[in-house]
Amino acid sequence: MTAHDASRAAASRLREAGVPEPTASAEVLLSELLGARRGDLRFRREPLSREQSKAYEAMISRRLDREPVQRILGYAYFRNLRLSLGEEVLIPRADTESVVEAALERIDLRDGACRVLDLGTGSGAIALAIADERPACEVHASDVSEAALRIARRNAELNLDRSERVAFHRADLVSGLEALAGDVDLLVSNPPYVASAALAGLAPEVRDWDPPLALDGGPDGLDLYRRLLAETACLLKPGAEVVLEVGDGQAKEVLCIGESAGLRRVGARPDLTGTLRAVILEKKGS
Ligand SMILES: C[S@@+](CC[C@H](N)C(=O)[O-])C[C@H]1O[C@@H](n2cnc3c(N)ncnc32)[C@H](O)[C@@H]1O
């Protein structure tokens, strides 16, 4: 069977089984397996080898079990990075790229050189993208999960010219970050923000494969924002900014939580679909 025929047959099996984005799943898995560009699959007329067919079949059967494409591959693309994954980290989302963009804008308004903290770094997506795209910044990344930090450190080695450009900290919110007290110019975070009761209704790709620690935001999804905004003020320099990813419809409430914690609201930025995705706040007193 040619690559083109194999991906079409796989796409129709996935479609019949009700798997979302069947064509994209089938094509991305095969193109990554073959090291080919997705758009070139249709021109590849040579038959797949026996090993390739076997490996592709194994991938498709995992996708039929609703395992996400990135977990089957073991990596995800995020801005300029290819990030290794493990079961302990969230798959970095396209939505979060717009949060990185908001952070980069704030960095540029501060002439590019500042001390940045990515709190709840997971795979390292936000911290590593900032270190990669704004080399003058001093970047710190923290997570409560030691397993996630191991993956993030590995991703720094795989993606940055000098992995020591990012300092990693095991910390439960601020507990463990005392060394940064009063020194952070920009705090960025994509905290867990799904309401606990909504977890069971998430798509199987998320519910069964992303770690609960990365998703569960408590009864109304806002627990981590309340704790984070109340506790991290001591880390921020006067005039420092906070850029937070928020879930659909959470921007207004998170801005209010920030104001109650004594911060000034700067605004909210939409993602590519027009949904408000990044909330920006500032510590008073610059
Ligand atoms: C939604 S994931 C975001 C991961 C990554 N920053 C991204 O955008 O792809 C939230 C992350 O916060 C971490 N986390 C949860 N509770 C935390 C806490 N109390 N202190 C620090 N990190 C925490 C989780 O382990 C997880 O890696």
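Cβ atoms here come from the backbone N, Cα and C positions, even for glycine.
Per TrEMBL, the feature domain 'Release factor glutamine methyltransferase N-terminal' maps to 6-74.
Sequence annotations record features per position, and here TrEMBL assigns domain 'Methyltransferase small' to 113-198.
Secondary structure at Gly124 (S-adenosyl-L-methionine binding site), as computed by DSSP, is coil. Cβ-based neighbour count (10 Å, all protein chains) for Gly124 (S-adenosyl-L-methionine binding site) stands at 32. Taken from TrEMBL, the feature S-adenosyl-L-methionine binding site covers Gly120, Thr121, Gly122, Ser123, Gly124, Asp143, Asn190.
Here TrEMBL flags Asn190, Pro191, Pro192, Tyr193 as substrate binding site. Annotation for Asn190 (S-adenosyl-L-methionine binding site): spatial neighbours Thr96, Val99, Gly120, Gly122, Ile126, Leu244, Glu245, criterion Cβ-Cβ under 8 Å with sequence separation of six or more. DSSP assigns Asn190 (S-adenosyl-L-methionine binding site) to coil in the three-state reduction, placing it in neither a helix nor a strand.
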Please name the residue among the binding-site residues Gly120, Gly122, Pro191, Pro192 whose C-beta has the most neighbouring C-beta atoms within 10 angstroms.
Gly122
On a count of neighbouring CB atoms within 10 A, which of the binding-site residues Thr121, Ser123 is highest?
Thr121
Helix, strand and coil residues within the domain 'Methyltransferase small' (113-198) as assigned by DSSP:
32 helix, 25 strand, 29 coil
About how far apart, in whole Å, are the alpha carbons (Cα) of Pro191 (substrate binding site) and Thr121 (S-adenosyl-L-methionine binding site)?
9
